[in-house]
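Colleague: The following block contains the structure, expressed as structure tokens.
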Amino acid sequence: MSINTDKNSYTVVFAAVMVVIVGSLLAFMSSSLKDRIAENERFEKQQNILYAMGVNENVDEGSVNFVSTDKVEGEFKTYIKKQLVIEGDQVSEDDHAYLIDMKKQMAIAKKGETPKLPLLVGEKDGETFYIIPMYGKGLWDAIWGFIALDKTMTVRGVYFDHKGETPGLGANIKQRYFMDDFTGESILKGDEYVGITVAKGNNDPLNNEKDDNEVDALAGATITGNGVSAMIKESINLYKDYLKTVSAK
Amino acid sequence: MALLTKKDASLITDPLADNNPITIQVLGICSALAITAELKASVVMAISVLFVLSVGNVVISLMRNIIPSKIRIIVQLIVVATLVIIVDQVLKAFAYELSKTLSVFVGLIITNCIIMGRFEAFALGNGPWRSFLDGIGNALGYGVILVIVGFFRELLGSGTLFGYPVLGNPIEKTGLYSIGYENNGFMIIPPAALIVVGIIIWVQRSRNPALVEDH
């Protein structure tokens, strides 16, 4: 059997058949795996939130270890006492608040409308933590994370992640040595909610100064670092009216 | 090698040395620059390309007699893209952690010129088994260079290997850093990869002068 593969009609038919086969194959893959993927993403979010408030399985100085996937749902219920949705002056409770997409809500806020902002209230060792989801831009793509504050508006832990920052440079925002620096910093300067700046040349590589609203930047990752600063500032700004009502200061 | 004939075995061994895709064919340079700042990223990328290139070569080779030559490049692109998306989805469902490490490379694999280059140059004219071997060989040749470059860039640029500090702590000045050694920040930016690849090409060609083109 020999086919004349140079004929135009053959080319068109071949392309059409190929598109149908590939299209249905991918659609089938996507719909059959959708639930599993969604569940994995949900667990990951719970792990990230718990990590920010200090519930993790870190053993040494070096690496990030989350609560394991099989335990995470239980731990999440234990530590997260309340899930709030803040809509303007209205505050309501919602058990699925943590699944709210911050990207969409930030876009709504930018248009000048009222966003639905999720805020998680956690409790650990008798202390209350307010965990704020964040979303922003790095150098190449999205960055996001969670910041856990206590009643004095001091950072008790953060978690950052990114979609496609440069490995070895911007991607290091999810390394322990960078995230740990935030712990103990205050987001307040006087009475103002200024957030925390990722600063170059703050002459504090060991991060001993905890009252300067600054952490040491990553070398070679200026734009990602600026993105982190902007992301913290923007999110704090959205939540500051609510935070003022719970702040002990 | 009883399993492979001499000719078949050379499909695997040639790209490792005298017909290396990066240093001799100069394919796949872009990803060699982008992701070799860390050894771990190099290894993950090498394994991903190994899979996509070997399977893709077989698929293209099986289809080689029915692909219309006018749209063959598009067909090749679709095969690569489909394979990469399938792998990505399956990993997301069953090995979520791994898929997060890989996500950066997905786009890079689709545009990797080694893959299109091997489809075009080899798989379109050879049978599935030989194409499979050719895919393995070229991906390994690519991977070897990636790992060598990643090793030097991470060691000299960050003082670590696979993320573990091997030269001491640069902030607390322990190990090698206590006698005044400093990490070379230049090594973690992409131009450093060009220099390392250049040195590899230089070494390779001075050992085997037959590789030097006379212009």
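Glycine is no exception: its Cβ is also placed from the backbone N, Cα and C atoms.
So TrEMBL has the following annotated:
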type	residues	note
TRANSMEM	B:41-62	transmembrane segment
TRANSMEM	B:74-95	transmembrane segment
TRANSMEM	B:101-119	transmembrane segment
TRANSMEM	B:131-152	transmembrane segment
TRANSMEM	B:185-203	transmembrane segment
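Provide an account of the burial state, proximal residues and distances for the features listed.
Modeller: If you look at the transmembrane segment (B:74-95), the same-chain residues 6 or more away from its ends with a CB under 8 A from one of its CBs are 48, 51-52, 55-56, 59-60, 63, 67-68, 102-103, 106, 109-110, 115-116, 119-120.
Beyond the transmembrane segment (B:131-152), the same-chain residues lying 6 or more positions past its ends with a Cβ under 8 Å from any Cβ of the stretch are 4, 8, 11-17, 19-23, 28, 31-32, 35-43, 45-47, 49-50, 53-58, 60-61, 114, 118, 122-123, 161, 187, 193, 196-197, 200.
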Colleague: Residues of the same chain, at least six outside the transmembrane segment (B:41-62), with any C-beta under 8 angstroms of its C-beta?
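Modeller: For the transmembrane segment (B:41-62), the far contacts come to 28, 31, 35, 75-76, 79-80, 83-84, 87, 101-102, 104-105, 108-109, 112, 114-115, 118-119, 122-124, 126-128, 130-132, 134-136, 138-140, 142-143, 146-147, 149-151.
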